[in-house]
Amino acid sequence: MKLKDTLNLGKTAFPMRAGLPTKEPVWQKEWEDAKLYQRRQELNEGKPHFVLHDGPPYANGNIHVGHAMNHISKDIIIRSKSMSGFNAPYIPGWDTHGLPIEQVLAKQGVKRKEMDLVEYLKLCREYALSQVYKQRDDFKRLGMSGDWENLYVTLTPDYEAAQIRVFGEMANKGYIYRGAKPVYWSWSSESALAEAEIEYHDLVSTSLYYANKVKDGKGILDTDTYIVVWTTTPFTITASRGLTVGADIDYVLVQPASETRKFVVAAELLTSLSEKFGWADVQVLATYRGQELNHIVTEHPWDTAVDELVILGDHVTTDSGTGIVHTAPGFGEDDYNVGIANGLEVAVTVDERGIMMANAGPEFEGQFYDKVVPTVIEKLGNLLLAQEEISHSYPFDWRTKKPIIWRAVPQWFASVSKFRQEILDAIDKVKFHTEWGKVRLYNMIRDRGDWVISRQRAWGVPLPIFYAEDGTAIMTAETIEHVAQLFEVHGSSIWWERDAKDLLPEGFTHPGSPNGEFKKETDIMDVWFDSGSSWNGVLVNRPNLTYPADLYLEGSDQYRGWFNSSLITSVANHGVAPYKQILSQGFTLDGKGEKMSKSLGNTIAPSDVEKQFGAEILRLWVTSVDSSNDVRISMDILSQVSETYRKIRNTLRFLIANTSDFNPAQDVVAYDELRSVDKYMTIRFNQLVKTIRDAYADFEFLTIYKALVNFINVDLSAFYLDFAKDVVYIEGAKSLERRQMQTVFYDILVKITKLLTPILPHTAEEIWSYLEFEAEDFVQLSELPEAQTFANQEEVLDTWAAFMDFRGQAQKALEEARNAKVIGKSLEAHLTVYPNEVVKTLLEAVNSNVAQLLIVSDLTIAEGPAPEAAVSFEDVAFTVERAAGQVCDRCRRIDPTTAERSYQAVICDHCASIVEENFAEAVAEGFEEK
């Protein structure tokens, strides 16, 4: 036997290297085979519900790192709630209708207009489902736990029927209407868009300054006067029917020396406009308030059949332009509102493809709207005063990335204005985890217009509306419920398979159809109505869920998307928000803080992270950032997180190894019988438990990460485990001191493994497989630990807080001695302490081997004043010298009692007593050489 064999060196097969990329799929299959999600649900049956409702990602392509952050966050919440006394089911969902899938099929060579519509929709459905299953596998690879066999998908018959019923209730309440209002129109998609389907980019446009000649000045202006207008959309002049001024803005009538004409502009802008137009010696002839110019009539710049009326509008400013805007009610929301109020014609001169129509005039007909500037300039002639290129923020179709226009077309709307206050009141009852989130959603609802819910596409849920022979729209409770029942059985494709009369209830009649003939609507619903109905299709329709949901968690872009549409439909139907809480997240940026883009080559695919690091590192990264704001991610950042993971793993490996001979049923030492330092560590750990439990409850992942890493680095590695080897390796295997420390080790190991499970389930299960005395076969089936409190807890904490200050001072003294070459490592030191009464009382209260805690070989507490050469602090001073004696081959301390024993061992008296008591046979035979 060798002397080293008398040490209690920790033993474990738990590997230092995790091998996550290869091991994670094996564990995930094991969980699936063991039906862990179902078993967890059975354990939680009857407990209070916590329902996090999954906002459905769009089923197209593999998931990106933003998806990963969002879904890992959801998984952490679901797992922590499931382990905290809640019935927390997770039903993953997918959004499957809409233009992107039509675009994919078009790229694959599918020609929608040349094939049977039902066959085309079948192809859309097949592709969408293939993408659902692809993304499902992507999410499962992240280690997510959920009901993967009972997904919700917006194309299933039950979901489509539920969506129709949401629409039906809104129709019954009078919230659905048809109108020809300007809407965001995407010529590239040939469809109307909702606000949630646009994004803003900088666009360079040609802006024109031109003049309308006064035709009837109403006794205010002469007919040789021209009103100066500014536009950034020259094509809309073809549909201009008025000029709008601000009622309280001052306007001036001016005569430039170089002009025979007189002009009207905003007084505030005269100087800048004079410079722009090259006007010199400008004479101000008169000043008018905008309201004085109301109802003056001007000529259209070139269309002699059209007069343009001066009207008042609150949207006019003097921030730019001339303070006067031309008004084309068919091409803008503000234009429409003031135009209708003043009886202006709503002219639309651009078709659905962005092509100018005949009513724009023969010179324009057939041109693309954005290419007509030269023709407009030619038509304006000397009415054009200036032109310039400007860069401004402009709306684009978020799917095709092409600019859009406002265009008045007949559409179906949901009237938000009819129940806006009800929605705002519902927002006040929701808990927002960021105050700005509440303000953002509130302002969006307060300021938004009515919702355009119709789309001129094929792949989607049909609007369940019929038309009588006289054109009357039919959407009664009876007809809509009948359609819902048909969809429930056959799916929405039946709408296209049957004639209108075969989709109506048997025997249905309508006074507008004396011949019994009907037509059906060919528009489909906005996809935001699809996902915005999920509270009904999922929360209401599934018996194991609750409505409203406890939490919606999505990216901050969903304040104008899913949060918004779900809120509108839920309040319209039931008067309540579909969620009790909203938690939003920022976007994922690259390591430099730049937006990720395939064209820039700075994206990170979750699959690449899984191959290089493992999903566990991605999960840990999610907790290491404040995801309520935009966050950075790169392979370098993940490499740093991987180092943190390695530290966590190897710390827990040390605990596993050094409790391998510990049986908690037999070897646990009661708290009251622990040493003071062990009590301190037990209390500190329970403070960590409380911090983490509270942070899980508040979804504060970064708090968990910081607290956990700090505890492992500072409390364990830099202190408790730093001197632990002196006890667990050297003392007798069954000694009280060793069992005291092992009691703390084991308690921390078991509980920290449970606390880690929501974040690092793979690693937690791997650790759990080494804890043979724990009852549950999987840690995921256990409960999160409760924080304990102990008698005299504050007193113990105060004592050890003071000791940590003392320890820091001692380490400074040791460092000075090391720099002076008095010692090398701290175990070579004999530390003499010169304490005042406060420190002396402290060291007595610590009631531990202080030399062991400071990792020095010898320590003396001296009486009297410290020598001049001492390292002094306010309450204590230290001197350091090399310890007397020689190194013990067993404990490595320098000790005056170290000597060669008769059994061929050079060890100190303390080690000799342990060896002689526990290894009598080896002592009798003598130890082998090293």
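Positions of Cβ are set from backbone N, Cα and C atoms, glycine also.
Among the ranges 95-99, 595-599, 690-694, 735-739, the stretch that Swiss-Prot annotates as motif ''KMSKS' region' is 595-599. Checked against Swiss-Prot, the range among 57-67, 310-320, 541-551 recorded as motif ''HIGH' region' is 57-67. Sequence-remote contacts of a segment are chain residues at least 6 beyond its ends whose Cβ falls under 8 Å from one of its Cβ atoms, and for the motif ''HIGH' region' (57-67) they are 94-96, 98, 100-101, 104, 128-129, 131-132, 134-135, 138-139, 153, 555, 587-588, 596, 603-607, 609, 618, 633.
Nearest by CA distance to Glu554 (L-isoleucyl-5'-AMP binding site), out of the binding-site residues Lys598, Cys891, Cys911, is Lys598. Excluding the listed site residues Cys888, Cys891, Cys908, Cys911, the same chain places Ile730, Asp889, Arg890, Arg892, Arg893, Asp895, Thr898, Ile907, Asp909, His910, Ala912 with Cβ atoms within 8 Å of the centre of the Zn(2+) site Cβ atoms. Rounded to a whole value, the Cα-Cα separation of Cys888 (Zn(2+) binding site) and Lys598 (ATP binding site) is 63 Å. Cys891 (Zn(2+) binding site) carries neither a helix nor a strand DSSP state and counts as coil. A sphere of 10 angstroms centred on the C-beta of Cys888 (Zn(2+) binding site) encloses 23 other C-beta atoms. Put simply, Lys598 (ATP binding site) is 65 Å from Cys911 (Zn(2+) binding site) when counted between their Cα atoms.
Note on Lys598 (ATP binding site): other Cβ atoms within 10 Å of its Cβ, all shown chains, come to 8. Geometry remark: Cys908 (Zn(2+) binding site) versus Lys598 (ATP binding site), CA distance 67 Å.
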